[in-house]
Amino acid sequence: MGSLGRRPWVGGLTAAMIFAVAVCGFCFSGASAAAAAPTFGDNFEITGAEDHVKTSADGQTWYLYLDNKTGVGFQTKERYLFGWFSMNLKLAGNDSAGVVTAYYMCSDVDAAPQRDELDFEFLGNRTGEPYIIQTNVYRSGVGGREMRHSLWFDPTADFHSYSILWNPKQIVFFVDKVPIREYRNSDKPNTFFPIMKPMYVFSSIWNADDWATRGGLEKTDWTKAPFISSYRDFTADACSWGTAAASPPSCAASTGNSWWDQPPAWALDAGQREDSAWVARNLVIYDYCDDRKRFPSPPEECLLRTTSS
């Protein structure tokens, strides 16, 4: 595995920028490192059964429960256009076949037909079998850009970070600061890169045993319920777009002052490309770019990748 995971998450940052991000912790755009960490209720609102959410005494760790009655979710109170979004998750353990934990960004609260969306989905499995992580990108309601990866660790044993870097040049999905997928924009107008709509951050746990595990062959074992996903250390170092604002905020400009919208964050650096290539060789289970039954010719965005196996 070499140096996998030990490289900076965005190459070329200055020492001061790296330090500023590192100390941010549970931060939002404009927040100081010295400020008290927001609690779950400060940043999110629950979507669904409130009795299926529990929090730690200090409000910094929260738990979503799924049983045979219902699942539950949450969403940020703010919308964002571009930035760095990260969450530490510990997934439901034991026999979790049929269970999906989703951590994603979406431009609409009700999955509207023309939504933009960036997805992490964690697909549960039978005891002893590995979780599968699925990522997807939607632009104006059109998705179908799935990739599936295995992981190099047990995501149920401890917390691990799952992050999205989104700027006008690229979207990168990270696991423990390792880039597992890059999704680049084109210099030409296109219909595949989400760039105009601000998004909320969501998470949920729900039953998807009609498709999630072995194409729906493995059903959820409700005798193992409740299934619990755990969360902490949410970071949104991002451009906040107020829910009532109609026009873009100044931070949404393509030449903004934030580190995530500067040239070093516009492409993977050499070390990140090396790590991404290792992931491509060893952990990719499915890549829509290689699926010739669905796409006789690779979709346009597939040709923009800077790494390959």
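Here the Cβ of each residue, glycine as well, is placed from N, Cα and C on the backbone.
It should be emphasised that the depicted structure is a prediction, and the values quoted were computed from it without experimental measurement.
Residues annotated as domain 'GH16' in TrEMBL: 7-231. Taken from TrEMBL, the feature active site, nucleophile applies to Glu117. Feature annotation from TrEMBL assigns active site, proton donor to Glu121. According to TrEMBL, the feature N-linked glycosylation site maps to Asn125.
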Quiz item: Any idea what the model's mean pLDDT is for the domain 'GH16' (7-231)?
Solution: 87
Quiz item: Sequence gap of 6 or more, C-beta under 8 Å: which same-chain residues meet both conditions with respect to the residue listed as 'N-linked glycosylation site'?
Solution: Ser96, Ala97, Tyr131, Ile132, Thr213, Glu218
Quiz item: Near Glu121 (active site, proton donor), which residues of its own chain have a C-beta under 8 A away, given they sit six or more steps off in sequence?
Solution: Val100, Thr101, Ala102, Tyr103, Tyr104, Ile133, Gln134, Thr135, Asn136
Quiz prompt | Neighbour count (Cβ, 10 Å) for Glu117 (active site, nucleophile) | solution = 20
